[in-house]
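S.K.: Have a look at this one before I ask anything.
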Amino acid sequence: MSKPIVMERGVKYRDADKMALIPVKNVVTERDALLRKPEWMKIKLPADSTRIQGIKAAMRKNGLHSVCEEASCPNLAECFNHGTATFMILGAICTRRCPFCDVAHGRPVAPDAEEPQKLAQTIADMALRYVVITSVDRDDLRDGGAQHFADCITAIRAKSPEIKIETLVPDFRGRMDRALDILNATPPDVFNHNLENVPRIYRQVRPGADYNWSLKLLERFKEAHPEIPTKSGLMVGLGETNAEIIEVMRDLRRHGVTMLTLGQYLQPSRHHLPVQRYVSPEEFDEMKAEALAMGFTHAACGPCVRSSYHADLQAKGMEVK
């Protein structure tokens, strides 16, 4: 019998090391079993990387993290080249170990009390008008990190009064009441929490999370702030069916969610969950039409769409795909 892995605080566990800690075991994908990417999934890199390197340098200077880098987002080059980024607070080590996600797992260090001010100054220096703030899961904190979110929102607005702030929050498992009490006092301009996939394969895709809990979080925030858009997103290609996706969309509308994102799942490494199918642009267009017919005010649906992809345009109701 193998000895249990003892995690050291502050150490990032990735790929095989991370997957070894997941209760639902995933079989490493052999190279010849990988699905070939279709033409529509091939991303062109910008010829000039000056802006990209500038944003990375600003992050490093202030000890900040972006989910774009930590989660290996395929849109990083495009977004950084346009001067946009999704900031990830509360460190770069997640207490969860979802097998679709490339963010490192482990025992995180204490939150940086100076991070809200450093984040606010960086955003002001970049002259951003719309910013997305997300975080790793912090099940080690009594409020799940909600107060840190609130502190960041307050600091950002103090330095950039005209800015619009979208928060992409974790599920605050076991801490919803405390977290919402804090966030209700300092709400963002858009409240985002991703369901990620469909109930049938939830335990495999999001071990440690609960589908109905996430729906309740979105519903309760909307009840407290009916004027603030609520948003959620799914990855497709993990084994779900289009019919199941449509049913999740109905669940989201029943819980008051007004904005939707749907994008293609891409396997970060052979140790992560494999891609089961590539959904065509035409299928995404059909699901977008279904979403708008259900009453979503905006639906960004396309192979390269991610939750915060062109989030400023999404918030304005402009076409994103």
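Glycine is treated like the rest: Cβ placed from N, Cα and C.
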S.K.: Quick check on the annotation: Swiss-Prot has Cys68, Cys73, Cys79 binding [4Fe-4S] cluster 1, so which of Ser280, Ser308 does it put in that site too?
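M.R.: Given Cys68, Cys73, Cys79 bind [4Fe-4S] cluster 1 in Swiss-Prot, the matching entry from Ser280, Ser308 is Ser308.
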S.K.: If you count other CB atoms within 10 A of each CB, which of Cys68, Cys79, Cys98, Cys101 wins among these binding-site residues?
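M.R.: Result for the most crowded candidate: Cys68.
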S.K.: Considering Cα atoms only, can you say which of Cys73, Cys79, Ser308 is the nearest neighbour of Cys101 ([4Fe-4S] cluster 2 binding site) among these binding-site residues?
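M.R.: With Cα distances computed to Cys101 ([4Fe-4S] cluster 2 binding site), the winner among Cys73, Cys79, Ser308 is Cys73.
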S.K.: If you count the C-beta atoms lying within 10 Å of each candidate's C-beta, which of the binding-site residues Cys73, Cys94 ends up with the smallest number?
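M.R.: The binding-site residues Cys73, Cys94 were compared, and Cys73 has the fewest Cβ atoms within 10 Å.
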S.K.: Quick check for the class: what is the C-alpha distance, in angstrom and rounded, between Cys68 ([4Fe-4S] cluster 1 binding site) and Cys94 ([4Fe-4S] cluster 2 binding site)?
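M.R.: The separation of the Cα atoms works out to 15 Å.
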S.K.: I need the CA-to-CA distance for Cys98 ([4Fe-4S] cluster 2 binding site) versus Ser308 ([4Fe-4S] cluster 1 binding site), whole Å please.
M.R.: 19
S.K.: What's the CA to CA span in angstrom from Cys73 ([4Fe-4S] cluster 1 binding site) over to Cys94 ([4Fe-4S] cluster 2 binding site)?
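M.R.: Cα-Cα, rounded: 17 Å.
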